[in-house]
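Trainee: Attaching a single structure in structure tokens format; questions to follow.
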């Protein structure tokens, strides 16, 4: 059983004191990546971020993923996404797609939608539950080579590879990787490091 106590820290950001095995009372930053069905983009970003955060020595960060739709609920990562991740040296854990909830939005320190449409859905969900949405930031906003844009712009969308072939998954992974180091730096800033 996981118990969550929300504690203010670092310029009003909320961090979770999560009871995880081996982390009694540790301050944990919680990140969630979000796409449509939680079988392609968001689990790919989850895997990449876990790897980059571990490489950076940021072990006090929990990353998970969800989708705005329940259509794929319970399904595993798309085999094409799994393949491209493995081909690029990432370990791909077991995964069951799930739909985002307002409670999850309120329990995360950083929520990273893959598209402007996902961001709009997340902001509506947050508003309907009275949850602050200032921690919802487009994933590609952390990519220094992405188009300059304010707010939730479609210019920062990561295209859905589900409709295409394997090349679309390779391109999707490249976009995810390009922003990952920026997310790591944001986590360092949130943690005051």
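In case you wondered, yes, glycine gets a Cβ from its N, Cα and C as well.
Where the annotation comes from TrEMBL, it is an automatic prediction and has not been curated.
Residues or ranges marked as domain 'Phosphotyrosine protein phosphatase I' by TrEMBL: 29-186. As annotated by TrEMBL, active site, nucleophile applies to 35. Annotated active site per TrEMBL: 41, in sequence order. Sequence annotations record features per position, and here TrEMBL assigns active site, proton donor to 160.
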Trainee: If you skip the near sequence neighbours and keep only those at least six away, which residues in the chain come within under 8 angstroms of residue 160 (active site, proton donor), Cβ to Cβ?
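Mentor: Expected: 35, 36, 40, 41, 115.
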Trainee: Please report the number of other Cβ atoms within 10 Å of the Cβ of residue 35 (active site, nucleophile).
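Mentor: Its Cβ has 30 other Cβ atoms within 10 Å.
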Trainee: Take the Cβ of the residue listed as 'active site' and count every other Cβ within 10 Å, whichever protein chain it belongs to.
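Mentor: Its Cβ shell of radius 10 Å holds 33 other Cβ atoms.
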Trainee: Over the domain 'Phosphotyrosine protein phosphatase I' (29-186), what does the predicted model average in pLDDT?
Mentor: 97
